[in-house]
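TrEMBL annotations:
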- 54-89: domain 'EF-hand' (DOMAIN)
- 90-125: domain 'EF-hand' (DOMAIN)
- 145-180: domain 'EF-hand' (DOMAIN)
- 181-216: domain 'EF-hand' (DOMAIN)
- 217-236: region 'Disordered' (REGION)
Amino acid sequence: MGTVVVKDGSQKQMWIPETKLEAKMVEAMQRREAEGCTIKSFNSLILKFPKIDENLRKCKDIFEEFDEDSNDTIDQEELRKCFQKLGISFTEEDINDLFEACDINDDMVINFNEFIVLLCIVYLLKDDPASLHAKSRMGLPNLEATFETLVDAFVFLDKNKDGYVSKNETVQAINESGERSSGRIAMKRFEEMDWDKNGTVNFKEFLFAFTRWVGIDDDNEGIDDDKEDDEEEDED
């Protein structure tokens, strides 16, 4: 994920994207942040979890359309063919970066919850009028409200509008609920989002955490196992 740069004579940190895809996500998110946020509290977001879970599971039909060999995963060639068929104008580099970014457990295929993250990133990046036809053919308009909620949730957390969410921003956002245990909850939520443990969260990391929060990740224990193994290695 992005690397940190500390400006001379200042304690202010500026996160530098490590890939072109991450840079595009940050730029797209900052454009959305300029439009404002409809979510007013983390509790109001939690209340939406059941409906979000229900709507995201409707992506299964799209997933099966992409999964040409019906093996419950999408490989890079299947993704490339379907993007071509749908008229989504990603470059070869974009497709490679997108696939690599969403293949969180590095098994060279995209499973269902990784596919949901991929779809939401595509939705964020392809918000120009020329892409509306491709979105319609993918079935995304039916999921537009859900994807907008996910974008809004990130905007709500990103208080300084720099395209990343820090630990302090997470604590601030969740503390606004006014609950006694909100500080502890905020720390737990941030740890769940900060996959690479570098102290900041981009939109992709947030999406992976969100699929777990609403229950989409229940059938993808391999990701949990991989993460636990990494944590055990870190402790060693």
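Counting starts with 1 at the first residue shown.
Note: Cβ is positioned from N, Cα and C throughout, glycine not excepted.
Predicted automatically and left uncurated, TrEMBL annotations should be read as such.
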| query | When you scan the chain for residues with a C-beta under 8 Å from the domain 'EF-hand' (181-216), skipping those not six or more beyond its ends, what do you find? | reply | 1-4, 15, 22, 25-26, 29, 49-50, 52-53, 56-57, 101-102, 104, 112-114, 116-117, 120-121, 124, 150, 153-154, 157, 163-167, 170-171, 173-175, 223, 227, 234
| request: Averaged across the domain 'EF-hand' (181-216), what pLDDT does the model get? Just tell me the whole number, please. | output: 90
| What is the number of residues in the domain 'EF-hand' (181-216) that are helix, strand and coil, as DSSP sees it? | 25 helix, 2 strand, 9 coil
